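Sending over a structure as structure tokens; questions will come in a sec.
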Amino acid sequence: MASHKHLTFSVLAFLFAASLVSAQLTTNFYAKSCPNALYTIQSAVRSAVTKENRMGASSLRLHFHDCFVNASLIKLQLGGPTWVVNMGRRDSMTASLDAANNDIPAPTFDLSDLTKSFSNKGLSATDMIALSGGHTIGRARCVNFRSRIYSETNIDTSLATSLKSNCPNKTGDNNISPLDASTSYAFDNFYYKNLLSRKGVLHSDQQLFNGGSADSQTTTYSSKMAKFFADFSVAMVKMGNISPLTGSSGQIRKNCRKIN
């Protein structure tokens, strides 16, 4: 298992999500008002990840969820790829748990459901497959993969056995297991390598290599990490530009945990 030292953070300030319109966003939005913003954020994140490895995956997950449901966030870029992000997004004045639950792709989704969910946000099937690679880090709760390990047949036997030891059939909903047991703390392409061996932890993961239209792209990413990194970077920028709040809409919070 790779250590957190293999998780390289290049933090790019990135506020607030939710028509892919970026004309009012700029890469130097905070150049005058807060010229040290990126460095300050980067330092804070590095410190957080040093103390707790899972903070890397948690931050990436937060970015994904917030962009899908019009909330606010600071985007972190993990691992190998880097990209330039437009800034100037403003915070939402509200937060909706229902919107989050309804908008976020479920771990039980089939390929068609995943494709539709991302398409509804202006993201292509290519974007969906690339962004799913974020599961190369992080963990999942037992309740989200129990049905897969006990009921599905397109799963590696050794993986299912290992997961069952931490996820009983009736209890342990909140027990967690890595989405990529090979290199849990390294942002790489082992997620796709695992799928080719039927080692996708979530049902929705294995859908990317299950005899469908996603198989070819998944196979490519499994052997060409640079291609995965390039497509992931493009997709992250697109996702970050989903309906940004700009101008007089929303606010730039002084404390990200609450409205001003």
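Glycine is no exception: its Cβ is also placed from the backbone N, Cα and C atoms.
TrEMBL entries are annotated by machine, without manual review.
Per TrEMBL, the feature active site, proton acceptor maps to His65. Residues annotated as Ca(2+) 1 binding site in TrEMBL: Asp66, Val69, Ser72. TrEMBL lists Thr136, Asp180, Thr183, Asp188 with the feature Ca(2+) 2 binding site. Among the features that TrEMBL reports, disulfide bond is placed at Cys142-Cys167. Residues or ranges marked as domain 'Plant heme peroxidase family profile' in TrEMBL: 24-260. The signal peptide annotation in TrEMBL covers 1-23. Marked as site 'Transition state stabilizer' by TrEMBL: Arg61.
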Let me spell it out: for each of the binding-site residues (Asp180, Asp188), count the other Cβ atoms within 10 Å of that residue's Cβ, using every protein chain shown. Which one has the most?
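Checking each of Asp180, Asp188, the winner is Asp180.
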Which one of the binding-site residues (Thr136, Thr183) has its C-beta surrounded by the most other C-beta atoms within 10 angstroms?
Thr136
Write down the Cα-Cα distance for Asp180 (Ca(2+) 2 binding site) and Cys167 (disulfide bond), rounded and given in Å.
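Taking the Cα atoms only, Cys167 (disulfide bond) lies 16 Å from Asp180 (Ca(2+) 2 binding site).
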Compute the average pLDDT of the predicted model within the domain 'Plant heme peroxidase family profile' (24-260).
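Here the mean pLDDT over the domain 'Plant heme peroxidase family profile' (24-260) amounts to 83.
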Spatially, which candidate from the binding-site residues Thr136, Asp180, Thr183, Asp188 is nearest to Cys142 (disulfide bond), comparing Cα atoms?
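Comparing Cα positions, the candidate nearest Cys142 (disulfide bond) turns out to be Asp180.
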When you tally the Cβ atoms that lie within 10 Å of each candidate's Cβ, which of the disulfide-bonded residues (Cys142, Cys167) has the highest tally?
Cys167
